[in-house]
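Participant: The feature region 'Disordered' is assigned by TrEMBL to 1-25, 215-235. Marked as transmembrane segment by TrEMBL: 79-99, 120-140, 146-168, 189-210, 245-265, 371-391, 397-415, 427-456.
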Amino acid sequence: MEAQNPNTPHLHGLQNPPETARKSSVSSFTAKVVDKVKTNLVFRSKWAELNGAMGDLGTYIPIVLALTLVDNLNLGTTLIFTGLYNIITGAVYGVPMPVQPMKSIAAVAISGTGFGVQEIMASGILTGGILFVLGVTGLMQLVYKIIPLSVVRGIQLAQGLSFALTAVKYIRKVQDFSKSKSMGERPWLGLDGMVLAIVCACFIVIVNGAGDEQREERDEEVNGTHDLGYEERPPRSKGGNFRRIIFSLPSAFMIFLLGVVLAFIRKPKVVNDIKFGPSSFEVVKISKHAWREGFIKGTIPQLPLSVLNSVIAVCKLSSDLFPGKDFSATSLSVTVGLMNIIGCWFGAMPSCHGAGGLAGQYKFGGRSGGCVALLGTAKLVLGLVLGSSLAKILNQFPVGVLGVLLLFAGIELAMASRDMNTKEESFVMLLCTAVSLVGSSAALGFVCGIVAHLILKLRNFSKDQSLSTGWMHGNP
């Protein structure tokens, strides 16, 4: 026995290191994931991130409200799932990655007859499934590398201008979301009048200016990254302090709170319609007819828009706004796919990312994943506490105020196209934009932009060949 004892530690030494190494590698990986999530969710500036969370509501609220009123969409379930989407994407990407409604599917559902909840969910599941396959196979990343920047900018400009035009319509015209149409000129005075919308727009311009330069300068000062040391900075005047306070106000958040207050003032009895508690979760039963109609009427028109605006344009815009955080088209395509493959089975609205939402949240100060995680938490709480009865409150929200938020989100997205440096790039971009807006089809604009880009490249190639041939024959 004594002779065998010396060998025992040796045997343990052979067995334990692999197990210990495996455990340490797992714990190390877990620690890295936790640290990454914490870093992605940390607030750059509390008020700015809170303000940025409101930047996407101009598109989210009207579409969700219209689907709830027209097609009996389960608002409580939608809030819960989109809230979870916001929290997860914020933790994964570390930027204010938006969660928006799939607009083509929503447009068909609101305007068309015979396209109910089953068809909406079928089209969302099919669109998400296709995007998921494109992502995991790497085809989406290939598409992202091939498409010219001028065509991407054209899609972004078209989407931004479309948002801005819709916003102006919300401001000028009375809207009936249940019928998805305008109901005449909006009165100048009143709790949802033109004057209120104009005042809100002016307030945002005063606070935010034309861009984010002032906000970034303030963030540098707060974080202590300004070139001058604290002791070397000249003392601020009273006027400078006043301007600093004004420029640091969370304008979008304040305007949204104003809209909520006005909603209760416009119809105080709406409190009686509130029922506490979440909506019941049910798996949607989809018939063969619904699958077919959902694919033809919903998936086919939505797929090009999701590929271009929800994946490719978001990839490019995120790299522009957040240098060093370049996201692959593969990851975005997979997350959009998973959101719909899971949520739509329970009646949640088909969702995607969107360049407009990213631009809007950035415009109002969103810089981290904590921005959308905060918004997601609010959605989750509202979905669990108020459920579908929240639609009663949203129906009284001043539409002109929503229009103002949407207007600045659209302008911010459109401004991303200002980096076209040559006339050829501008030509392709504007052609793509014009066709997309007039034809109301991002896919048609994309095709025209690609064709124009290829023709110009072929023309330049032929011209270069002619010049080189002439030089060889002594005819410069």
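Just so it is clear, glycine is given a Cβ too, placed from its N, Cα and C backbone atoms.
Structural setting of the listed features?
Facilitator: Remote same-chain residues near the transmembrane segment (120-140) are listed as 67, 71, 73, 102, 105, 108-109, 284, 286, 290-291, 293-295, 297-299, 302-303, 306-307, 311, 329-334, 336-341, 343-345, 347, 349-351 (criterion: CB distance under 8 Å, separation of at least six residues from the stretch ends).
Note on the transmembrane segment (189-210): residues 171-172, 246-247, 249, 251-252, 254-255, 258, 262, 265-266, 363-364, 398-401, 403-404, 407-408 of its chain, located 6 or more positions outside it, place their CB under 8 angstroms from a CB of the stretch.
Same-chain residues lying 6 or more positions outside the transmembrane segment (245-265) and placing a CB less than 8 Å from one of its CB atoms are 47-48, 50-55, 57, 191-192, 200, 203-204, 206-209, 214-215, 218, 271, 364-365, 393-394, 396-398, 401-402, 404-405.
Under 8 Å from some Cβ of the transmembrane segment (371-391) lie the Cβ atoms of residues 41, 43, 49-50, 52-54, 56, 65, 68-69, 74-80, 82-87, 89-91, 96-99, 273-279, 361, 365, all in the same chain and six or more residues away from its ends.
For the transmembrane segment (397-415), same-chain residues at least 6 beyond its ends with a Cβ under 8 Å from one of its own Cβ atoms are 54-59, 61-62, 156-157, 159-171, 174-175, 186, 191-194, 196-197, 200-201, 204, 208, 211, 252, 255-256, 258-260, 262-263, 266, 317, 355-357, 359-360, 362-364.
Below 8 angstroms of C-beta separation, residues 147-148, 150-151, 153-155, 157-159, 161-162, 301, 304-305, 308-309, 417, 420 of the same chain, each at least six residues beyond the ends of the transmembrane segment (427-456), sit close to that stretch.
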Participant: Give residue numbers and ranges for long-range contacts of the transmembrane segment (146-168): same chain, 6 or more residues beyond its ends, CB-CB under 8 A.
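Facilitator: Residues packing against the transmembrane segment (146-168) from afar: 58-59, 308-309, 312-313, 316-317, 355-356, 359, 403-407, 409-417, 419-420, 424-426, 428-433, 436-437, 442, 445-446, 449-450, 453.
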